[in-house]
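Colleague: The feature domain 'DUF3447' is assigned by TrEMBL to 168-249. For 319-351, 419-451, 485-517, 518-550, 551-583, 584-616, 617-649, 650-682, 683-715, 716-748, 749-781, 815-847 (among others), the entry in TrEMBL reads repeat 'ANK'.
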Amino acid sequence: MIQSSLGADYSKQYADFIEAFEKLFQIKYEESIEDMCNMITNVLITKYQLSIKRLTKIVIMAFQYNYSSRENYIRILKHIGADFHEISDTQFPMEDSIEFIVMHDQIDKFKEYITQQSIEQEPYFLEIPDMSKQFDCNSIKLSLIEACAYFGSVNIFHFLLSNQICQKTQNCLCYSIIGRNTDIINECLKDNEINIDCLKHIVSSHNNEMLGYILEFKYFVFEQWIQSIKTSDGFKYIIKYQNLKAVFLLFEKDKYSIVPWCAAFPQTIDILRNNEFYDKTDYRNRNIIHFACKSQNSDICRVLLASSNKFRVNCMDNKKMTPLHYATKLNNKAIVEFLLSYGANINERDKNGKTTLHYASENNNNKEIAELLLFYGANVNEKDDDGKTALHYASENDNNEIAELLLLYGANINEKDKNGKTALHYASENNNKEIAELLLFYGANVNEKDDDGKTALHYASENNNKEIAELLLLYGANINEKDKNGKTALHYASENNNKEIAELLLFYGANVNEKDDDGKTALYIASENDNKEIVELLLLYGANVNEKDDDGKTALHIAAKFNRNEMAEFLLSHSANINERDKDGSTALHIAAQNNKKETAEVLLVSGANINEKDNHGNTALHIAALHNRKILIELLITQGGNINGKDKDGKTPLYIATENNNKEVAEILLIYGSNINEKDNNGNTALCIAALHDRKKTAEFLMEHGANINEKDIYGNTALHIAADYNHKKILELLLLYGANINGKDKDGKTPLYIAAQHNYKEILELLLSHGVNINEKGEYGKTSLHIAVQYDRNKTAEFLMEHGANINEKDIYGNTALHIATENHKRETAEVLLSYGANINEKRYLWKHRSPYCNIL
């Protein structure tokens, strides 16, 4: 390829750099790496000062484009003393595997393999590291034909095509460029054109011969690529993969295409010195000085600032960061000085409101830069969008020298950020003792509170920073100060199991029984978090073991809730009241039962807990266990003497409650241990009544199998059958009838199940009752039959259904009313017509007012 003399000079000047990268990306798996290692050491490390960290990234990127040479890349990383596990930990095909055969184009072995085994046409054949994600463990999945293209396995590639085993995919061209086999590339070009994605791979894999060809002959994608470099991120792969040759090739074709990003390469200094460029920005609004600063190319920066091109020193990118922000962030004093001497705005704020002084204060190595910025007039108390000053950042990051420098320049020591935190809060939170000591020496308010009401002592206690806590106490910190939730430093120490802090606070006089806004003491919180050593310490200092929170719970209640059986034992050994009740009347045993904590329940029972103690609703622990379906707890409580037939305030037994909540297995255990199956609640309901009420068919069947009285009545005279009919529970009703329920039984008002079903218009219930031989003319309250009721409630279809099934249409109630009397008296014309159509006697008279017939009512 013919080059311009200027382009050739630039390439020649840095030929060793270009050659080192091209060889690194093309090394063969069987090739000796001795020359490569010497080139890396002498050229890239010694001459061009590439760091081991940067080289490691480059080697890993090379591996992603040259997968078959994995072992050589591991050796190279070992040679430069870098971590090689990112490569060595990747899966790699075993020798003689089909993947290895394809990788190395072993055509004879491949043919032999396919004669013995069929090649599965799976979605992918081989996985290789994802080349688009530098340090990601994801993989790219290659089909068989794509793998041949990637590895340049030309013989197997053509064999697959000629025998129609595989077809080319759209990705084959991109992968063939990586494989660099001309025959495969030409074959792929028959169906596809080189696009932007192909060019990215050409650049990334340092396939500069092909790149030169495309640029020289202005291949059809050339203009599109140049445009993407000028207007978007088309250049980022050139920088990321350090393809210096690509920079020079582009410069020859369109010198403006390499601005502003070429400043990322120190080797472009002569281009920038010898050419004039206008101050253009990239798609992120970065100008050429941004790139020089981000790449820490101080020589290029000096050339650019001194040139006649007038590049903007205060240009802001899309993050509102200027070159000075980047130079400060990267700790490059020389560039910072250049920028300041050329008018860089020292107090410019980025999109988060941070100035260069904020960035300098984050890093302790930036003291000289911080001093330089302050000397040039940086605002020492400038706040970012979080309300942080440089002093906040220095304190947070333990930058003692910078903090002192800021104080000497007048930093406001008690300035607060938007959360109300001062520098002392940050120092205490992050265990930066020297900073805390410095701040206190300079007069920081030791008891200043943030927006959560926390002082520095709260933070030190929360984060187990003992030395800082002691320092704060020596400077007069209020040991019992509360935050907005009422917590003291001792609460935080107890919560986070910081024993040494707790001991220190108690020694200095912390109130051991102080409560937070929920009424919790430090002992309560320590018990809640199972911090036994803290509990022991607090008790030693006089903590009240039976102190209650706002819900009336003690430390023992909480130990029971979370199954802290050792904690419970310890509290009981220190006089915890085992039967103490909370606001709901629950003891620790109630709570253990509720939360299914068997071990703690056993501890409590062994220690003498009242097993039949009742809460405010009359529930014992056994009731609670039945309610929450705690099978293991049920057996434990029964065997330890729990009253199996004990009643709560509503008269409910544990069996009743288990039935009510459909806890069949618990009900079975209770019955095995002798629970009274027919015990009634205050309304006279048995467990079977409740099963019928809640439509629990399996539970109802289980109860009847175990002897439940099927016709037992509640205080209103309702049996389970009445209840099933009333709530339209067909399956339960059918089951009850199967087990012999009294189908004509009456409640206290004389209502039968049929009477109730007619009242509610439950046709399926009516059909079921009739199919089981119910007396259709059975009379209930006031001598009314079901037909009377159907008419009274305007249930025309039900009335018709009853008449069709033999209801006596002229049956009278105690007043002599027939169904027709009721219909006419209530002006139910349509119902009356139905009754007449079924033969109702229109002249039938009542017992009272005997002269009045239905006909009179109609008149």
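Backbone N, Cα and C atoms are what each Cβ position is placed from, and that goes for glycine too.
Please treat TrEMBL annotations as automatic predictions, because they have not gone through curation.
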Colleague: When DSSP states are grouped into helix, strand and coil, how many residues of the repeat 'ANK' (319-351) land in each?
Modeller: 16 helix, 0 strand, 17 coil
Colleague: When you scan the chain for residues with a C-beta under 8 Å from the repeat 'ANK' (749-781), skipping those not six or more beyond its ends, what do you find?
Modeller: 717, 721-722, 724-726, 728, 730, 733-734, 737, 743, 787, 789-790, 793, 795, 797-798, 801-802, 805-808, 811, 813
Colleague: Taking residues 6+ outside the repeat 'ANK' (716-748), which of them lie with a CB under 8 Å of any CB in it?
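Modeller: That would be 683-684, 686, 688-689, 691-693, 695-697, 700-701, 704, 710, 754, 756-757, 760, 762, 764-765, 768-769, 772-775, 778, 780.
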Colleague: For the repeat 'ANK' (551-583), what's the model's average pLDDT?
Modeller: 96
Colleague: For a three-state summary based on DSSP, what are the helix, strand and coil counts in the repeat 'ANK' (815-847)?
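Modeller: Per DSSP, the residues of the repeat 'ANK' (815-847) fall into 16 helix, 0 strand, 17 coil.
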Colleague: Taking helix as H, G and I and strand as E and B in DSSP, count the residues of the repeat 'ANK' (419-451) in helix, strand and coil.
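Modeller: Per DSSP, the residues of the repeat 'ANK' (419-451) fall into 16 helix, 0 strand, 17 coil.
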